[in-house]
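K.L.:
Got a structure for you, written out below as structure tokens; questions coming shortly.
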Amino acid sequence: MSTGHTVLGCQTTDKTVVTLFIILVLLCLVAVVGNGFIIIALGMKWLLRRTLSAHNKLLISLAASRFCLQCVVIGKNIYVFLNPTSFPYNPVIQLLNLMWDFLTAATIWLCSLLGFFYCVKIATLTHPVFVWLKYRLPGWVPWMLLSAVGMSSLTSILCFIGNYMIYQNHAKSGHQPWNVTGNSLRHSLEKFYFFSIKIIMWTIPTVVFSIFMSLLLVSLVRHMKKTFLALSELRDVWAQAHFKALLPLLSFIVLFISCFLTLVLSSASNTPYQEFRYWMWQVVIHLCTVIHPIVILFSNPVLRVVIKRGCC
């Protein structure tokens with residue numbers, strides 16, 4: 001199931017919708033290029049050195065997930081733009097939604113795991129559990145990635161079952177839009193089943209992300225206060241350096257939470273494909289996802305070096 005499911009009879013396309021569609025495609029293309037660059041840069045390093053840090057393994061996995069997601073989004077939205085009144089559970093959209101559900105859940109889980117990794121590796125907490133995790137965490141990355149794939153697969157399968165039930169019911173009714181039983185089943189699944197699955201499966205990693213990011217920020221603020229008092233002569237230089245270091249982290253938090261909220265609101269709205277609101281939600285969601293790869297490109301040391309070499 002995607003964010004818009006109601007079919008209307010109108011075949012006309014509003015100019016505003018066309019504009020939003022073009023903006024959406026351009027945003028997705030920028031995200032594809034940004035994530036593709038991350039994949040190539042880190043992938044080349046992995047091939048040349050035969051090794052990659054745990055942090056960069058998470059980054060390349062997140063970039064790959066986002067790269068594929070943006071490609072699916074482009075394909076799906078081109079299809080629904082050209083076929084705005086098609087049945088939203090037909091086999092083509094079912095396949096696109098299956099990939100969208102999997103990749104969206106995978107992206108959320110990978111962001112959550114990246115936040116957990118940042119907290120454990122960067123936080124200055126001295127609790128024995130954190131000290132123990134610092135040494136154990138790099139070896140857990142493959143299992144973390146596998147768990148993200150598993151949870152994402154579960155989400156997509158559960159949503160696909162609901163999509164398939166609606167399509168089968170629609171096919172049995174002879175594709176009649178006024179079939180009361182079919183419409184009742186569809187509205188019930190859209191209102192309760194799909195939304196509940198996505199809220200649960202998206203909220204769990206978001207809560208994990210929020211907890212560990214809060215711990216990290218508290219730890220960093222405490223550390224900054226102590227250092228600020230100790231280095232009275234270099235306060236301006238020190239403050240500027242720490243602000244630059246904190247900016248990517250803060251942007252990651254803001255963009256992740258913004259993307260989560262827009263996904264939830266978009267799923268709750270159940271807007272028809274050809275309506276202005278559907279395309280507006282799509283633009284807002286993917287505006288959040290296009291900014292973070294750019295932040296990563298200019299904040300990650302490995303990627304920054306590649307960019308500088310490319311510009312020279």
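Using the three backbone atoms N, Cα and C, a Cβ is placed for every residue, glycine included.
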K.L.:
Answer with yes or no whether Swiss-Prot records P88 and H223 within the same membrane-side topological domain.
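P.N.:
No, Swiss-Prot places P88 and H223 on opposite sides of the membrane.
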K.L.:
Before we move on, state whether the transmembrane segment (245-265) and the transmembrane segment (98-118) share at least 3 Cβ pairs under 8 Å, counting only pairs 6 or more apart in sequence.
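P.N.:
Contact between the transmembrane segment (98-118) and the transmembrane segment (245-265): present, because at least 3 Cβ pairs are under 8 Å.
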K.L.:
In the same chain, who gets a Cβ under 8 Å from the topological domain 'Cytoplasmic' (119-140) while lying at least 6 residues past its ends?
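P.N.:
Answer is 53-55, 212-213, 215-216, 219-220, 222-223.
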